[in-house]
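Step one of this worksheet: look at the structure below.
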Amino acid sequence: MTATYMNSSVPFMYDSYPAVAPERFQGQLQGKTAIVTGGSSGIGRAVCKAFASAGASVACIARREPRLKTLVDEIKAEGGKAIPLAVDISEKDAAKKIVSQVEAELGPVDILVNVAGIARLGPLVDEPEDLDIWWKVHEVNVRAPALLTRAVLPSMIERKSGAVISVSSVVATWPSPIQTAYASSKAAISKFHESLAAELEGTGVLSFALNPGSVESELGAPDDAINTASQHPMLEKMRQMLKSPRKKQTAQLPADVCVALVCDPRCKVLNGRHVEAAQDLSPVLEEAEKEGGGRIGKDRLYLVNIGIL
């Protein structure tokens with residue numbers, strides 16, 4: 001089903017569609033190894049299954065081992081290859097340990113998808129003065145993906161091939177009250193990928209940030225995701241919005257877009273961009289392939305951008 005998005009003429013998608021359909025890329029990643037964080041639920045779980053369906057050997061990373069084992073059993077039952085690694089990615093040396101174990105069991109890493117993330121809702125003025133919980137959002141949403149990226153890059157650069165994708169959010173580009181931690185972390189990860197793509201130019205390694213759309217997830221599930229000590233009126237509005245029965249994107253949609261970004265050679269023109277999973281990729285690619293990148297290049301679209309007079 002399609003609709004419009006932010007007054008854009010590009011169709012707005014809620015589920016997988018022909019341009020990113022799994023059957024397009026089935027088996028294309030045979031012999032490739034992928035690491036996916038946040039694999040025990042939601043988008044991360046769907047991404048693990050999508051890359052396995054495309055033929056990759058997948059290291060499924062999350063904290064909840066029973067859920068990971070169930071996921072890996074499902075992947076194997078469907079003919080795929082996967083291993084579970086129960087790790088808290090925010091822990092010291094987690095990235096090195098993950099990459100070392102994956103390389104030992106599955107081989108060199110070709111694809112990294114950073115899905116794991118946490119949120120924090122509440123006004124900055126009501127946060128504890130040490131901002132420890134606030135900074136934890138950046139530890140998980142920015143530092144951990146950066147460390148994992150740093151750990152996989154040397155091998156990718158040496159082999160002149162690879163792709164790193166991190167899940168960002170629409171709040172990276174919109175003013176988002178009571179989300180200073182989450183919004184700034186997502187703006188940071190989108191800018192991280194833009195800068196990374198520039199410094200990796202010519203290496204064969206691709207870099208993308210991805211706004212998955214409005215997908216049902218456990219992002220706000222932890223007890224400290226909402227600052228319950230705050231009485232800010234926006235908190236109640238946010239609670240009601242999160243509970244509202246509005247139509248959302250399926251987890252399969254961003255998962256399939258991740259695979260398309262890696263498998264479809266046309267997607268190289270979006271290297272370094274903040275890709276919108278809920279937009280039909282076909283017209284976006286057509287515009288990006290025009291001389292100078294069309295409007296996307298001229299107006300610096302799909303980037304965390306500050307315009308000036």
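Cβ coordinates are placed from backbone N, Cα and C, and glycine is handled just like the others.
If you look up Swiss-Prot, you'll see Ile43, Arg67, Asp88, Arg150, Tyr182, Lys186, Val215, Ser217 marked as NADP(+) binding site, on the strength of similarity to another entry. Here Swiss-Prot flags Ser168 as active site, proton donor. Annotation comment: Swiss-Prot describes Tyr182 as active site, proton acceptor, evidence class sequence analysis. For Lys186, the entry in Swiss-Prot reads active site, lowers pKa of active site Tyr.
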Report summary line: So Ile43 (NADP(+) binding site), by the Cβ count within 10 Å over all chains shown, scores 31
Report task. Just name the winner among Arg67, Arg150, Lys186 (the binding-site residues) by count of other CB atoms within 10 A of its CB. Result -> Lys186
**Report entry** Cβ atoms near Val215 (NADP(+) binding site) (within 10 Å, other residues, all chains)
**Finding:** 21
Requested in this report: Do me a favour and check the Cα-Cα span between Arg67 (NADP(+) binding site) and Ser168 (active site, proton donor); whole Å is fine.
Outcome: 24
Query raised in the report: How far is it from Arg150 (NADP(+) binding site) to Ser168 (active site, proton donor), counting Cα to Cα, in Å?
Result: 18
Query raised in the report: Once the chains shown are all counted, how many other Cβ atoms turn up within 10 Å of the Cβ of Tyr182 (NADP(+) binding site)?
Result: 25
Query raised in the report: In sequence order, what residues of the same chain, 6+ apart, have a Cβ less than 8 Å from the Cβ of Asp88 (NADP(+) binding site)?
Result: Arg63, Ala94
**Report entry** Distance from the residue listed as 'active site, proton donor' back to Tyr182 (NADP(+) binding site), taken between C-alpha atoms, in Å
**Finding:** 10
Query - In three-state DSSP terms, the structure that Arg67 (NADP(+) binding site) belongs to - result: helix
Query raised in the report: When you measure from the Cβ of Ser168 (active site, proton donor), which residues in the chain that are at least 6 apart have a Cβ under 8 Å away?
Result: Lys186, Ile189, Ser190, His193, Ala209, Leu210, Asn211, His274
